[in-house]
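**Student:** Just passing along the structure, written as structure tokens.
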Amino acid sequence: MENVSAFGPSERPTRQTPAGPKRRGPNLHRFANPGRFLRLSGAILPWLTVIGIAVTAFGLTWGLFFSPPDWQQGDTVRIMYVHVPAAWLASAGYFSLAVCAVLSLVWRHPLADLAAQEIGPVGAVFTAICLATGSLWGKPMWGAWWVWDARLTSVLVLFFLYLGQIALIRAFDDPQRGYRAAAILALIGSVNLPIIKFSVDWWNTLHQPASITLTGAPTIAPAILWPLLYSAIGYTLVFAAIVLARLRAAVMERRVRTLLLARADHAASGAGAVAA
């Protein structure tokens, strides 16, 4: 009973590898042990949550109340302290789905499907925040709540990809078919990520180009840049904390369900032996 996996017999490798040189690949299956994962995540989660909330509160307070208005946008620029971190995590979250898809389809990592299941709804929420705050910013700056700009349209497509991933996981009676379909969608949809990133460079768009790049100096004043960076870091930590908490809950739920099924099978086997 103690050795029953939390991921179920259909979700862990059943074929024994022969003795000899091991297949090269990421040594990630050590985290598939539910007890080890729960211990490690339980130690990390409180710190991640507290630090994430503190940094987010610091960055948003600084940006919303104490940073100067922009010379062109005025106080409308304060929407950026919510919008930009949400936009960053919308793309980063979907990139995480693509990574989980590779881990699931190629290396059959038992936690990858569960992680994707829990990342999807969180990423969808942050994408919705990105779209909503972008609309609030666009009305005073562009004179419209929405325009079919390349950047906006590609982010809207990203939102629908998140919804599709969530729906596919729940669309099949066999969970493994749902996970596989969602993983394939995540890989196909990842083509949209460079479109989101480079759309402002490839096409003439209303959306301004990136103000922070790896190849050049930021074009944002330091008084605006620093609270924005703190907000982005805080958002990222909060995003990670939410996903980790959801993943812990999913692992514990599956662990309990697997143990209950094992007990039921054991009881049924015992009853059959007595009857015989």
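FYI, residue positions are counted from 1 along the chain as it appears here.
For all residues, glycine too, the Cβ spot is worked out from N, Cα and C.
So TrEMBL lists the following for this protein:
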type	residues	note
REGION	1-27	region 'Disordered'
DOMAIN	35-207	domain 'Cytochrome c assembly protein'
TRANSMEM	44-66	transmembrane segment
TRANSMEM	86-107	transmembrane segment
TRANSMEM	119-138	transmembrane segment
TRANSMEM	150-169	transmembrane segment
TRANSMEM	181-200	transmembrane segment
TRANSMEM	220-245	transmembrane segment
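How buried are the listed features, and what sits near them?
**Tutor:** Sequence-distant contacts of the transmembrane segment (44-66) (same chain, six or more residues past either end, CB-CB distance under 8 Å): 78, 80-82, 224, 226-238, 240-241, 244-245, 248.
Listed by sequence, the residues of this chain that lie at least six past the ends of the transmembrane segment (86-107) yet keep a Cβ under 8 A from its Cβ atoms are 25-26, 28-29, 113, 115-116, 119-120, 122-123, 126-127, 129-130, 133-134, 155, 158-159, 161-162, 165, 179-180, 182-184, 186-187, 189-190, 192-193, 196-197, 232, 235-236, 239.
Sequence-distant contacts of the transmembrane segment (119-138) (same chain, six or more residues past either end, CB-CB distance under 8 Å): 76, 79-80, 82-83, 86-87, 89-90, 93-94, 96-97, 100, 144-147, 152, 155-156, 158-159, 162-163, 165-166, 169, 182, 235, 239, 242-243, 246.
Residues 87, 90-91, 93-94, 97, 116-117, 120-121, 123-124, 127-128, 130-131, 134, 175, 178-179, 181-182, 185-186, 189, 192-193, 195-196, 199-200, 202-203, 205, 207 of the same chain lie 6+ residues outside the transmembrane segment (150-169) yet bring a C-beta within less than 8 angstroms of a C-beta in it.
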**Student:** If we skip the immediate neighbours and take only residues 6+ beyond the ends of the transmembrane segment (181-200), which ones have a Cβ under 8 Å from one of its Cβ atoms?
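**Tutor:** Beyond its ends, the transmembrane segment (181-200) has Cβ neighbours at 91, 94-95, 97-98, 100-102, 104-105, 112-113, 116-117, 120, 150-151, 154-155, 157-158, 161, 164-165, 168-169, 171-172, 207-210.
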**Student:** Which value does the mean pLDDT take for the domain 'Cytochrome c assembly protein' (35-207) in this predicted structure?
**Tutor:** 93
